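Chemist: As listed in TrEMBL for this protein:
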| type | residues | note |
| --- | --- | --- |
| BINDING | THR20, GLY21, SER22, ILE23, ASN48, ASN131, GLU133, GLY212 | NADPH binding site |
| BINDING | LYS132, SER158, GLU159, SER183, HIS206, SER219, ASN224, LYS225, GLU228 | 1-deoxy-D-xylulose 5-phosphate binding site |
| BINDING | ASP157, GLU159, GLU228 | Mn(2+) binding site |
| DOMAIN | 14-139 | domain '1-deoxy-D-xylulose 5-phosphate reductoisomerase N-terminal' |
| DOMAIN | 153-236 | domain '1-deoxy-D-xylulose 5-phosphate reductoisomerase C-terminal' |
| DOMAIN | 268-388 | domain 'DXP reductoisomerase C-terminal' |
Amino acid sequence: MRNNKAAASVVRSVTVLGATGSIGDSTMDLLRASPERYRVEALTANGNVEALAKLAKEFSARFVAIADTSKFAELKAALAGTSTECGAGESAVIEAGARPADWVMAAVSGAAGLKPALAAVDRGAHVALANKECLVCAGDFFMQRAAKAGACILPADSEHNALFQALGSGNRDELVRVIITASGGPFRTWKPADIEQATLAQALKHPNWSMGQKITIDSASMMNKGLEVIEASYLFALSPDEIDVLVHPQSIIHGMVEFSDRSVVAQLGSPDMRTPIAHCLGWPDRIKGPAAKLDLAKIGQLTFEAPDFERFPGLRLAYDSLRTGKGATTVYNAANEVAVAAFIAGKIRFGAIARLVEATLEDWIRGGNQTPLTSADDAISVDHVARNRAAALLPQIALKAS
């Protein structure tokens, strides 16, 4: 066992990109619980001035940035009389990532989170990655940049964090496969015809996790699991054939790794995002976490099922896009975001989400657009093109479903 006393005495400077979102909120909870261990360097938010200013005052943040430039005057007024510097717009959020913090939580959602995360990566920081787009849209060059700068990428979502912990039990040449678990979401036992007609309220009733609206809908469609397959491939340099998905309704086992001796190492824990975040925040040591203690006797049983690609075609499309490569995973993600927004707005049925993603991928491939992505601007450009194509295809997809 490690002796943590020396490490625990060092104050770690922290930046939280996306401090007012669900991941940011969990991160701030953990910082709040150990004020003697952490000092806040910078915080960012998209447009919630009130919450950002409140956090800046509570944690004496040195710098805060609001992405919405129209909110800059309001933010500055809210922090008048404090020593906290303020900024607004994309450049200010990137500046927050570039500031000298030991540890950065990259939790800005969407493609907007890519450049701030790269700013932290390029200076060799420890980056806890909660932004899927960094890997799904730009995985190859993102990990190459991290390796070049000597940055440490720590996966902050539960499944990849579980794999990260389990992979430490063996060497790369001993690895057979990794297994990402999925709850199956609210529609796990539904018939495909019923899933097609599912309402927004039904899609938002996740059986285990408390998450934001977009990710909860992605969980219901299993698009979220598809995104996690893509992330795992880039994060751990795995081929699609080395990544399996297993439905595990209890959400207690978050990930498993099988080695050549047929040992399978698993990470277990209560379904609480603060557990993987706490692991990242303390790494390479461990800090006290606030999640409920795991009581396996009370749970009684753990069950498993193979994923159903007929019910959840979005998962199949993730593997297809990963094998296609050259920007296809960026298209997959962008088209899904357009589809989910359309579903929330009542423009398409739930079942049309995967159909729009598939149609966008097929259209993009037919257009001969595949090309390696070598920069953030490349990834953002493909993302923009894919969103436009998905939006253009949306009316005919909606019409087919009506």
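Placement of Cβ uses the backbone N, Cα and C atoms for every residue, glycine included.
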Chemist: By DSSP, what is the split of the domain 'DXP reductoisomerase C-terminal' (268-388) into helix, strand and coil residues?
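Modeler: Counts, helix then strand then coil: 70 helix, 2 strand, 49 coil.
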Chemist: Between LYS132 (1-deoxy-D-xylulose 5-phosphate binding site) and ILE23 (NADPH binding site), how far is it from one CA atom to the other, in Å?
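Modeler: Per the Cα atoms, LYS132 (1-deoxy-D-xylulose 5-phosphate binding site) and ILE23 (NADPH binding site) stand 12 Å apart.
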Chemist: Would you mind sorting out which of ILE23, ASN224, GLU228 (the binding-site residues) have a C-alpha within 10 A of the one on ASP157 (Mn(2+) binding site)?
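Modeler: Matched binding-site residues: ILE23, GLU228, sequence order.
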Chemist: Take the domain '1-deoxy-D-xylulose 5-phosphate reductoisomerase N-terminal' (14-139) and count its residues per DSSP category (helix H/G/I, strand E/B, coil), listing them in that order.
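Modeler: Here the numbers are 59 helix, 28 strand, 39 coil.
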Chemist: In the structure shown, which of the binding-site residues GLY21, GLY212 has the fewest other Cβ atoms within 10 Å?
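Modeler: Taking GLY21, GLY212 as the binding-site residues, the minimal 10 Å Cβ count falls on GLY212.
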Chemist: I need the CA-to-CA distance for GLU133 (NADPH binding site) versus GLU228 (1-deoxy-D-xylulose 5-phosphate binding site), whole Å please.
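Modeler: Distance between the two Cα atoms comes out at 11 Å.
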Chemist: How many Å lie between the Cα of GLU159 (1-deoxy-D-xylulose 5-phosphate binding site) and the Cα of ASN48 (NADPH binding site)?
Modeler: 29
Chemist: Per DSSP, what is the helix/strand/coil residue tally across the domain '1-deoxy-D-xylulose 5-phosphate reductoisomerase C-terminal' (153-236)?
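Modeler: Summed over the domain '1-deoxy-D-xylulose 5-phosphate reductoisomerase C-terminal' (153-236), the classes give 45 helix, 11 strand, 28 coil.
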Chemist: How does the model score the domain 'DXP reductoisomerase C-terminal' (268-388) in terms of mean pLDDT?
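Modeler: Here the mean pLDDT over the domain 'DXP reductoisomerase C-terminal' (268-388) amounts to 94.
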Chemist: How many Å lie between the Cα of SER22 (NADPH binding site) and the Cα of HIS206 (1-deoxy-D-xylulose 5-phosphate binding site)?
Modeler: 15
Chemist: For ASN131 (NADPH binding site), just count the other CB atoms lying within 10 A of its CB, please.
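Modeler: Its Cβ has 27 other Cβ atoms within 10 Å.
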Chemist: Test of understanding: give the count of other CB atoms lying within 10 angstroms of the CB of THR20 (NADPH binding site).
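Modeler: For THR20 (NADPH binding site), the count of other Cβ atoms within 10 Å is 22.
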Chemist: Compute the centroid of the Cβ atoms of ASP157, GLU159, GLU228, then list the same-chain residues not in that set whose Cβ lies within 8 Å of it, in sequence order, for the Mn(2+) site.
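Modeler: After dropping the recorded site residues, what remains is PRO155, SER158, HIS160, ASN161, ILE180, ASN224, LYS225, GLU231, ALA232, HIS254, GLY255.
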